[in-house]
Each structure stands twice: as structure tokens, then as C-alpha cells.
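Okay, so here's the structure we're looking at.
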Amino acid sequence: MQDFWQAAAAQLERELTPQQFKTWIKPLAPVAFDEEAHALRIAAPNRFKLDWVKSQFSGRITALACEYWETQVSVHFVLDPAASGRAAAYTQQAMQQGQDAPAAMGTAMGAGHAPYPGMAGMAGGQSYGPAGAQVPGAHPNQMAGYPDYPSQSNGAPAGYGGAAGGQTPYSQSQQSAQGRGAAPTGHPLQGNSAAHLPDMGEIDVAQMDPAEASARSYRVPSPQPAAPAGAQQQSDTVHERSRLNPILTFDNFVTGKANQLARAAAIQVANNPGKSYNPLYLYGGVGLGKTHLIHAIGNFMLMENPRARIRYIHAEQYVSDVVKAYQRKAFDEFKRYYHSLDLLLIDDIQFFSGKNRTQEEFFYAFEALIANRAQVIITSDTYPKEITGIDDRLISRFDSGLTVAIEPPELEMRVAILMKKAAAENVSVPEEVAFFVAKHLRSNVRELEGALRKILAFSNFHGKDITIDVTREALKDLLTVQNRQISVENIQKTCADFYNIKVADMYSKKRPANIARPRQIAMYLAKELTQKSLPEIGELFGGRDHTTVLHAVRKIAEERSKDAQLNHELHVLEQTLKG
């Protein structure tokens, strides 16, 4: 049983993102295997992990168990607070095996076992079902890392289905041994820093899907030792001149599926300023990490070359600088400064809307910087062509580089953010509390930070330990607002209006593409933006089965990561619903 779990953990580590594996699989521990009943019991340390693993990972774990014992196996999950301690030993051994997943499974079986036939010959991105039955390759970052097609029969024995009873094929990760452990070869920039970003010269981020972006392991700058007093004073002066926040670095940027492509693009630009993706245009809602990323790029360039001419500026401040330059008759000096920069970071460019003179000056500055091979990085709350009141010449320049969206963080990422923020405050927050907050607050990082501050203040004021009950009491007003803010009915109406269909079509059995597609999108948004369960959502969509809803959610989630137009439509719908 222990050999099975070590091999299974090694396989799952290859299939899932590091954050997913650490959050959900690593804390699990095998309890017992009943050879007569072919039943495996696996323990989870708390109720949150137990429920999530049962709903998202049971099918895959069952499939691995069936492979190992070469028979149908039922997997049962039980609650055991001591599970994490036992799990650490199992997963640590699995991580040290250093074998490919099929080989690891074969080794764990020992002399009395042979690898399951379906495991033979598995390669990089190919997926196989039992007995070599080939199925479509799995996208490693959907929902909990599993495919999103409906139930299908290809000779698989019972017990291979996921939570929805669908086929669970065997997904092979794109992640290499380098991506799992060894640090990649660095690509030094000009400068003498010992910490380097990876060489991404041959990686086309624009052609990467988020799964590939996350499968690559990047070595980013580590926290630097304290500098001598004189050097520290010089560093402070440099940051004051550039207006960069030295705290915002790649090292403390929490990465997840929602922002991994943006982070990969930022690393590419930091490695090759003025060469790759110029301009880089990042867009997304409030509090999703756009400002953090562009500060991280600037801070890395400053670390590599303290003499680099870098300027971070908010669009409103740029407008103010233009006005002051006119008032003081210092426009030549203004132009000379901005046209000579090595890196210009301009935040919230939508504030240029309607400011024609500012737009004209920025256009000339933009042209000069690009001609000089200086890097320009822009953030906004929306897609370039959706900004109103901006000159078409500027819009076309924004579109000439790389445009990347940053989405609201997914559950695991929200939990990681909360735990990291709590650690920064030297406060211990129970994991189940972090999960509770993350499940109820979904919109952005600032909202999570605000919720954490309220919890800490409430706990200190009342002299109570931080528990779920205390958290619920501290956030009762916020949770009430969240619960009444977005309803499934509102989502249905908004999607119907957006795609020009009738609201009644959301409940109907009609299946033309122009109706089925908006209905699937509405189901996806209902799952993402409300607390409704899959059966509840299905009932509100004309009494549909929960498996239909699950298929729609996974289908749209996968397509969103690959289809820029769909991603943009979903972004508009989400912003509309959130007001």
C-alpha cells in the first residue's frame, strides 16, 4: 500500500501544478487496503481537503489504484487530522524517486506485479485509457487538472470515472525533470547580480497556453542579504528616482493559473527588455497583480543595472506632469527625460481617456522609446480596443506588442495568497480558515487582504483564536453583500442580453450552437461567481443533470485558456456582473 502511494504521488506530481499538488495531494495518506473487498482508504487532514479531493481527484486516484492492483478498486476518503504527518514521509520518498511516472509505477509494483497494459509506451503529452485505449490529451490545468469531455465508453472497467462518472484518462505532464527540480540554466543580463532569470530567448510566450507556462520552472531573484548602509542609501535614492516599490518583486508574487501567462511574459521582458513583446500590455480587474508585476520587472532591471533609466508612473500622474510642463514652460526638458528612458512603466492607461494633449505627447514619447529599443509596459482595466476616448493611433500601438489578461485568482491561489499575507504579518491562520475565506471571496487580492485584516482585528479585539466561527462573525457584513451580489438569474439575463438570445433559451432543451454556447458560458459563470452547487445550477437551467453542468464548466474553462476572443467575452461579462 505504501509502495502504491509513493508511486501514485510521483505520478500525480507530474500531472498537477506544484500548487495543486502541494495543496491537495501531499497532505493525503493511505490508511488501509482491504484485499478481499479491493477497497482502499485514504485519509485527509481536514474537512475542506476531504470534500475537495473527493469531488475533484477521486476518479484519477481510483484509476491509478486500478492500474496498480490490476482490478477494480474502490477508493474511500476518511477524515484524520493526523494524516498530514504520515503523508509527508510517503510523498517525500516519491519525490526522491526521480523516475518517469510509468517507471515509478512499475518499480512500486515489485516483482509480483507488472505495469498495467495501458501504461505501456506513454509519452509526453499523450493520454491513454485502460488496455491502451487512446483518448484525447488532458489539459493539466483545468479545474483540478483533469479533462473536460463528457462520459464516454472505451472499455474502461467500472470505477475509472471522476466525480461525474466520466472517463478519466491518464494525463502525462509536459513538465521535464528540470521543471520539477533542477534549476534551469540562467541567462545573465548586463550586471553583476548572482541571481538571474531563466533564458527565455527561444520561448514564444504568445504561443504558450497557460498549462505550458505553468509547467516551466523559472528561477527568479531570491531575497538579497542586507546591504551596507551606504549601498542601502544609494538603493533608496535609485528607487525614489524611478518611483519603484522595492517590495514588489517576482519572489513574492503568488502565481496561479489566473496569472501564470502574464508572469511568463513579464519574465521574458525582464530577460530581454526592448526586444521581446514591446510594448507589453497587461489588463485585468482591480487588485489582480498588474501593478505588482510591472514593479517586479523594474526592480529586476534595477538590480541587474542600477544605472538603468527607469520610470514607473500612474497615468493620472503623467497627465499632471504634462500640465506642469506647460505651466512652467519646461516641455523640452519633459520630452528629453521621457524620451531617454530605458524602461517606462505606465499604470492604468485608461485614465488618458479624453485627454487629447496628453495622448499626443505620450504618442511621441512612445514612438521615441520604441525607436531607441527601450521597453514600454502598460496596464489597464480592459482590452485595448475597449478603451473609450483613446486615439486610434495609440490603440494600434498597444496592439502591436503582446496583450495578456490577468484573471481573478482560482481557489488554490487565493488560499496561497492568504497564507502568505498572514505569514508576512507573523500570524498563524489555520488552513481551514484560509479555505473558508477563499471559497467565499473570489474577486481580487485586495479584497482578500482586507478580509484578512478584518479577521485579525476582530480576533485581537475580542481576544479569540482565529476559527471558522470567528471568521464568519468578523466577515458577516462582507459575506452578506457577496451572497446577494450575483445570482444565477442575473447571470442568465446578462448572458442572454450579451449574446442576443432569449432568457427562456437558458432553460430550454434547444441545442443550436447560438443557444447552447451562451448557455454553457452562463453555467460556467454561475459556478465561478456564485456559491451554488452543480446540482443547484443544473436545476436553475431547466432541470439539467449536474454532469451536464460539469461538462459545460470544464469545456469553457479549457477553451478560455486557448481562445483569446472567448477570454475577452468572459472578462466583459464578469466585469458587467460585478459592477
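Each residue, glycine too, has its Cβ placed from N, Cα and C.
Listed in Swiss-Prot:
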- 1-71: region 'Domain I, interacts with DnaA modulators' (REGION)
- 71-242: region 'Domain II' (REGION)
- 131-196: region 'Disordered' (REGION)
- 171-183: compositional bias 'Low complexity' (COMPBIAS)
- 212-240: region 'Disordered' (REGION)
- 243-459: region 'Domain III, AAA+ region' (REGION)
- Gly287, Gly289, Lys290, Thr291: ATP binding site (BINDING)
- 460-579: region 'Domain IV, binds dsDNA' (REGION)
Least surrounded among the binding-site residues, given as Gly287, Gly289, when other CB atoms within 10 Å are counted: Gly287
For the region 'Domain IV, binds dsDNA' (460-579), mean pLDDT (0 to 100): 86
Set of same-chain residues at least 6 away whose C-beta sits under 8 angstroms from Lys290 (ATP binding site): Ala262, Leu282, Tyr283, Gly284, Asp347, Thr379, Ile406
Other CB atoms, at most 10 A from the CB of Thr291 (ATP binding site): 18
